[in-house]
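First comes the structure, then the notes that go with it.
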Amino acid sequence: MSSQTFLAALTGSFSTPCADNPTVAMIEAAYRHHDMNARYINCDVKADGLADAVRGAVAMGWAGFNCSIPHKIAVLAHLDGLAESAAIIGAVNCVVIRDGKLTGENTDGKGFLESLSGVTDPKGKNFCLLGAGGAARAIAVELALAGARHLTIVNRDAARGKDIAGLINDKTAAEATFQPWTERFAIPRDADVLINATSVGLGDAEAMPDIDPDSLRHGMVVADVIPNPPRTALLRAAEAQGCTTLDGLGMLVNQGVISVRLWFGQDVDATVMARQLQDIFGVART
């Protein structure tokens, strides 16, 4: 009898719209590279179809799935448990299925933290975070849990910015304050790391968050969550000021690496995934 199997482990993503989501190409590249008998299926799931999609994944024995807009909060009602950071964030983008039980994780902040750890330890550092959306919330929580000293949340919508600052102060040992985003915002002088967690720059290499570039200091770490283009206007301005920079492509790749690790307990080659995305985005391989 042959030991060959024709039953692949199934993973995928539930979101809508989903046609422009490159995660499937990135993760399947890793599966192929490591000879993993697994598949990743990009599924267009409307809001009223989420419950059926989750039940279907369990019924078909999926190892897990990612979920994106508009399901990151709605999926909570279908889970049996949450990881620590996901519970604080209040949103999930990765679900692990074990013995029919579903556990929610959030890899948004974890992916960023893994990139950041390559250039600096967040413990005891001061952070300035631009934006107060889902990515900003996840990154803020992970930084706080990793030992960040203080986070300054900068946003035009005061209610959303204050909500994240309050969450950090109430649920973690870190301190956080809110600052309104005024014209040509000056980055606080005590900030060790600046993070753009807004969508400014997505698909537009010339778009720049409304900050004062002269407030970027030599030696500061400047990170951007934008994956495409990886070298945003903000990062180019930061490089000109002698800052260390981190692009969003690495964060996206790390989210994929973490998802596969959660589903299968296996670490995959991040370089393989990064090159796949670079080819898709039409940028030079690094």
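Every residue gets a Cβ built from N, Cα and C, even glycine.
Keep in mind that TrEMBL annotations are predicted by a computer and have not been checked by a curator.
The secondary structure of Lys72 (active site, proton acceptor), as reduced to three states from DSSP, is coil rather than helix or strand. In the structure as shown, the Cβ atom of Lys72 (active site, proton acceptor) sits within 10 Å of 22 other Cβ atoms. Here TrEMBL flags Lys72 as active site, proton acceptor.
According to TrEMBL, the shikimate binding site annotation covers Ser68, Asn93, Asp108, Gln255. Non-local neighbourhood of Asp108 (shikimate binding site): Asn93, Gly134, Ala135, Ala138, Ile139, Gln255, each in the same chain, at least six residues away, with C-beta under 8 Å from its C-beta.
Annotated NADP(+) binding site per TrEMBL: Glu84, Gly131, Ala132, Gly133, Gly134, Ala135, Val225, Gly248, in sequence order. A simple way to gauge crowding: the CB of Ala132 (NADP(+) binding site) has 26 other CB atoms within 10 angstroms, across all the protein chains here.
Per-residue pLDDT, averaged over the domain 'Shikimate dehydrogenase substrate binding N-terminal' (24-95), rounds to 98. Here TrEMBL flags 24-95 as domain 'Shikimate dehydrogenase substrate binding N-terminal'.
Annotation comment: TrEMBL describes 122-199 as domain 'Quinate/shikimate 5-dehydrogenase/glutamyl-tRNA reductase'.
The annotation domain 'SDH C-terminal' is assigned in TrEMBL to 248-278. Panel annotation: around the domain 'SDH C-terminal' (248-278), residues 9, 11, 22-23, 25-27, 29-31, 33-34, 36, 38, 63-64, 66, 93-94, 96, 105, 107-108, 110-112, 114-115, 223-228, 230, 232, 284-286 of the same chain, lying at least six beyond its termini, place a Cβ under 8 Å from a Cβ of the stretch.
Remark: secondary structure over the domain 'SDH C-terminal' (248-278) totals 26 helix, 0 strand, 5 coil, with classes taken from DSSP. It is Gly133, among the binding-site residues Gly131, Gly133, Gly134, Gly248, whose Cβ has the fewest other Cβ atoms within 10 Å in the structure shown. The Cβ of Ser68 (shikimate binding site) lies under 8 Å from the Cβ of Ser13, Phe14, Ser15, Cys18, Asn21, Asn93, each on the same chain and at least six residues away in sequence.
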